[in-house]
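*Asks:* What TrEMBL lists as domain 'NADH:quinone oxidoreductase/Mrp antiporter transmembrane' is 23-287. Feature annotation from TrEMBL assigns transmembrane segment to 60-80, 92-115, 151-170, 177-195, 201-221, 233-254, 274-293, 325-347. If you look up TrEMBL, you'll see 289-341 marked as domain 'NADH dehydrogenase subunit 2 C-terminal'.
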Amino acid sequence: MNPYILAILLFGLGLGTTITFASSHWLLAWMGLEMNTLAIIPLMAQHHHPRAVEATTKYFLTQATAAAMLLFASVTNAWLSGQWDIQQMTHPLPITIITLALALKIGLAPVHAWLPEVLQGLDLTVGLILSTWQKLAPFALILQINPTNSTILIILGLASTLIGGWGGLNQTQLRKILAYSSIAHLGWMILVLQFSPSLTLLTLLTYFVMTFSTFLVFKLNKATTINTLATSWTKAPLLTSLTPLILLSLGGLPPLTGFMPKWLILQELAKQDLALTATVAALSALLSLYFYLRLSYAMTLTMSPNNLSGTTPWRLSSTQLTLPLAISTTMAICLLPLTPAATALLAP
């Protein structure tokens, strides 16, 4: 892709998110989300592969549907209350519709079905943008409207953690596994949103760090299936021995970074007398843990298959920058001791 066009598209991505962040009016927020969608579409379809084009079309249709729902709900809110302000949402009907529209935008269950399909059709770099940056603007809006309907949030959260765990169990494609991992993590964030928005933000940030690291590892190994991962030992032995730690951090095992948000969320849910919800969420984390363990097993404890379909790819030296990978990997593994500092910052 032409570097000037690429620069304009990335600028559009940043500008769309920034406009949504800075807006207090629903039309401006909607405009930012639309800019975001339109800027990433050429990036998604840049390889002109039929699967990439199919994924782009699916993404465009779901995002357009969500944007239309958002616009409809904000007009309904203006009609019912005379307010266009994001913070002034009072009527339960537009709040519910907007919550569902934003859930569709970020891919929460039960409106998640597009996410694994879309991510599977993209290359790892655009998949990384889709899994991290594209979640920021809708999340900013969810945090601002602070949905009052607690039942719908808990249903969305629990459904996402369960479906994110179950959906990834039988997958062999890494991008689909990462999509289900994304759904499960978003479920945890939505569960605790109404009780502690700052904790939701902390979870989002730790999820970004861990996902960034995972995508970069897969990109360095040029891996898209579990079988390809088995050949990574010969390419980057040290990184291959660290990768299981990143994956287990995504699964939320102590003493790794990913344990911190899950621990704090379960604690918060227990404080709010939601013991059953906390139990279901904790058990659903075991489902996710299974497929992270499966990836770790394939990377470090198996020899790569020597049949024709699994021949070792060419070992060319990678042109990828290693500094972002080193920083994000260190953060994904080692940040648990900073939990007291994080909780002190989160305290209202």
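In case you wondered, yes, glycine gets a Cβ from its N, Cα and C as well.
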*Asks:* Note the mean pLDDT of the domain 'NADH dehydrogenase subunit 2 C-terminal' (289-341), expressed as a whole number.
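*Replies:* When the pLDDT values over the domain 'NADH dehydrogenase subunit 2 C-terminal' (289-341) are averaged, the result is 80.
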*Asks:* Taking the transmembrane segment (151-170) as the reference, which of 92-115, 177-195, 201-221 gives the largest number of Cβ pairs under 8 angstroms?
*Replies:* 177-195
*Asks:* Which listed range (92-115, 177-195, 201-221) shows the maximal number of Cβ pairs under 8 Å with respect to the transmembrane segment (325-347)?
*Replies:* 201-221
*Asks:* By a Cβ-Cβ criterion of under 8 Å, what residues six or more beyond either terminus of the transmembrane segment (177-195) are in contact with it?
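*Replies:* Hits for the transmembrane segment (177-195): 103, 106-109, 112, 115-116, 118-120, 127, 131, 135, 139, 142-143, 146-147, 150, 153-154, 156-165, 167-168, 171, 203-204, 207, 211, 214-215, 250, 261-262, 265, 268-269, 271-272, 277, 281, 284-285, 288, 291-292, 295.
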